[in-house]
Each structure stands twice: as structure tokens, then as C-alpha cells.
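Q: What TrEMBL shows for this protein is this:
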type: DOMAIN; residues: 1-289; note: domain 'YjeF C-terminal'
type: BINDING; residues: G96, N150, I151, V152, E153, F154, S155, R156, D224; note: (6S)-NADPHX binding site
type: BINDING; residues: 194-198, 214-223; note: ATP binding site
Amino acid sequence: MEHVRKLLPVLSNNLRKGSCGKIAVIGGSIEYTGAPFFAAISALRLGADLVHVMCAPEAAPVIKGFSPELIVHPGLEPESVIPKLERMDAIVLGPGLGRNPRLAPLFGNVLEFVKKTDVPLVMDADGLWFLCEAIREGVPPLPSAILTPNIVEFSRLCEAALGISDVLAIKEQDKLEDLASRLSSHLGTSLFVKGRVDIITNPDGKVTLGDDEGCPRRCGGQGDVSSGTLAMFLLWATRMSSSHDAKNAAGLACSQLVRHCAKLAYARVGRSMITSDLIDEIPGVLRELDSKKNKDCPSA
């Protein structure tokens with residue numbers, strides 16, 4: 001868990017609320033309320049001080065009911081969302097957002113905001129669906145962003161950006177890595193391709209692999225945990241370095257943490273494991289890492 005430990009900020013009495021991160025999760029619709037919750041609560045469990053969820057009005061009461069720890073804002077109008085983002089340190093765009101065409105202006109406004117401010121952005125799920133639509137019209141590079149597709153979403157992105165339509169048929173790991181590198185360079189944006197081996201790529205062509213042991217259970221919501229934790233690691237890594245290496249470090253830490261927690265949850269629960277079981281492992285893992293850090297650095 002060394003990649004995780006390197007990015008965890010040191011806690012002290014000199015910190016104030018917000019010092020370790022204020023995160024925005026943009027997502028949540030009448031059909032999908034679990035995805036934004038999983039992303040938000042994972043960021044909070046990892047160490048965010050405040051997490052705001054900006055969602056469809058119909059989703060707000062449900063998400064509020066999941067946890068009083070989250071700040072939930074009903075409404076996805078750009079004129080309502082964008083001013084709130086000015087107070088955020090990182091953004092997760094897409095979990096449970098839905099694909100209603102009326103959300104396209106919001107998507108465009110968020111990308112414009114990120115391009116202007118360089119705020120760290122993690123784009124997942126329905127955010128990637130809107131990105132595929134936007135690619136055909138031309139999307140500017142987003143150097144502060146990481147896209148987090150699963151293999152199906154990766155296939156859509158490759159078809160939209162590179163005109164390659166047979167990605168799902170590719171079985172060779174090295175070919176997937178090469179394709180991820182090509183896509184990252186083409187878009188000018190980093191990728192975190194989730195799979196049996198997580199592929200982390202930067203526009204400069206560097207490929208890093210997250211291949212720690214995970215678990216065989218593939219319950220829905222694990223990708224949302226990755227989105228929330230990646231946003232936190234990306235924020236902390238960017239504060240240490242603004243280079244592409246920060247995204248490699250964030251991606252490796254996210255892959256390592258989520259895989260380790262999934263492994264622990266599966267060992268405890270077995271095939272009945274659900275995403276909440278994975279999230280429940282985060283506090284214990286962090287407590288153990290903090291204990292080791294204190295032993296290594298008694299003065300910290």
C-alpha cells in the first residue's frame with residue numbers, strides 16, 4: 001500500500017475544515033442514486049473534509065437520506081452548478097448522471113470551467129457518454145482531468161475518437177495498453193482504464209499498471225468508489241506536483257486502495273459482497289497505514 005501512504009496528507013491541529021479537500025460530485029438522477037452516493041461517501045471516507053453532491057431534484061431526497069454527512073444540492077442547471085464549483089478543490093463528473101440531452105449544456109459548461117481553472121476532474125460513467133458525443137464536435141485537451149472508463153466505455157471512446165470499433169474483441173493486454181496510450185495522446189487527457197489490470201496512461205505516452213490482487217466479485221458500484229477515491233488522490237498528488245507524474249501516482253494509489261479493500265471485503269463476506277462492504281474496509285486500511293506511518297516517523 002505504499003502508493004496510498006505516499007499521498008495521504010499529514011493530519012495536524014493546524015488544519016482547518018476544508019484543508020484536506022472540498023469535493024463536488026455531479027451526478028444522480030431519478031433512476032440512479034447509488035452511484036453518486038458511493039463516489040461521494042468514498043471520497044469522504046478517504047479523507048475529504050466536505051463533499052457536495054449536485055444532482056437532479058428527484059434524486060436529492062434519496063441521497064440526503066443515505067447519509068447526513070453529504071451536502072446535497074438539488075438541480076443541475078449550469079447557472080446553479082458552476083458558481084458552486086468555484087469553491088471546490090476537485091470534481092467528479094458523471095456517476096448516475098443519466099443521458100438526458102438536456103444535460104448537454106451542463107456538461108459543456110463544466111468542461112469549460114475545468115479548462116479555465118485546471119481544477120482536478122475525474123470523469124466517469126455518463127460523463128464519458130456525453131464526452132463521446134462531444135468528441136465528434138471537437139473537445140479541447142483537459143490536462144487536469146482523468147477519464148475512468150471500464151472496458152465498454154473505453155470501447156466507445158476509441159470508436160468516437162480513433163474510429164476503432166472492435167476494442168471489445170481485443171484480448172491481448174499489451175494491445176489494450178497501446179490503444180489506451182494512443183487514446184490518451186489523441187485526447188490530451190489522462191486515462192484510468194479499469195479492468196483485470198488497471199491501465200493508467202498520460203498524454204506523453206507513459207503507461208502505468210495497477211495489478212494488485214483484487215477480488216472476483218463484480219458488484220455494481222465499485223467503479224464509483226474508484227471515481228471518488230481517485231478524485232481525492234488526484235487532488236493530493238496535484239498539490240505535490242502539477243506534472244503528469246501526479247496522475248500516475250493518483251491512479252496507482254486509487255487502484256491499490258480499491259483492490260485491497262475489495263480483497264478484504266471478499267475475504268470477509270464472500271460472494272454476497274456488495275459495494276458497501278468494500279467501502280466499510282476503507283477506515284481500517286487507513287488506520288493501519290497511519291499506524292505504520294507513525295512508527296516510521298514518530299515526530300509526524
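Using the three backbone atoms N, Cα and C, a Cβ is placed for every residue, glycine included.
Because TrEMBL annotations are produced automatically, they should be read as predictions rather than curated entries.
I would like each feature placed in context: is it buried or exposed, what are its neighbours, and how far apart are things?
A: Counting only residues at least six positions away in the same chain, the Cβ atoms of G34, A35, P36, F38, A39, S42, P95, G96, D124, A125, T275 sit under 8 Å from the Cβ of D224 ((6S)-NADPHX binding site). DSSP gives D224 ((6S)-NADPHX binding site) a helix state.
Here K194 (ATP binding site) comes close to T148, P149, N150, I151, G223, S226: these same-chain residues lie at least six apart in sequence, with C-beta atoms under 8 angstroms from its C-beta.
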Q: Long-range neighbours only, meaning 6 or more apart in sequence with Cβ under 8 Å: which ones does S155 ((6S)-NADPHX binding site) have?
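A: Expected: S165, V167, L168.
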Q: How many Å lie between the Cα of C215 (ATP binding site) and the Cα of E153 ((6S)-NADPHX binding site)?
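A: Counting only the Cα atoms, the answer is 21 Å.
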Q: Sorry to bug you, but what's the C-alpha spacing from E153 ((6S)-NADPHX binding site) to R196 (ATP binding site), rounded to the closest Å?
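A: For R196 (ATP binding site) versus E153 ((6S)-NADPHX binding site), the Cα atoms are 15 Å apart.
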Q: What is the Cβ neighbour count of I151 ((6S)-NADPHX binding site) at a 10 Å cut-off, with all protein chains included?
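A: Neighbour count, Cβ to Cβ under the 10 Å cut-off: 14.
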Q: Going by a 10 angstroms cut-off between Cβ atoms, which of the binding-site residues R196, R217 has the sparsest surroundings?
A: R196
Q: For C219 (ATP binding site) and E153 ((6S)-NADPHX binding site), determine the Cα separation and express it in whole Å.
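A: Cα-Cα, rounded: 17 Å.
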Q: Who sits close to G221 (ATP binding site): which same-chain residues at least 6 apart have their Cβ under 8 Å from its Cβ?
A: G34, A35, F38, I274, T275
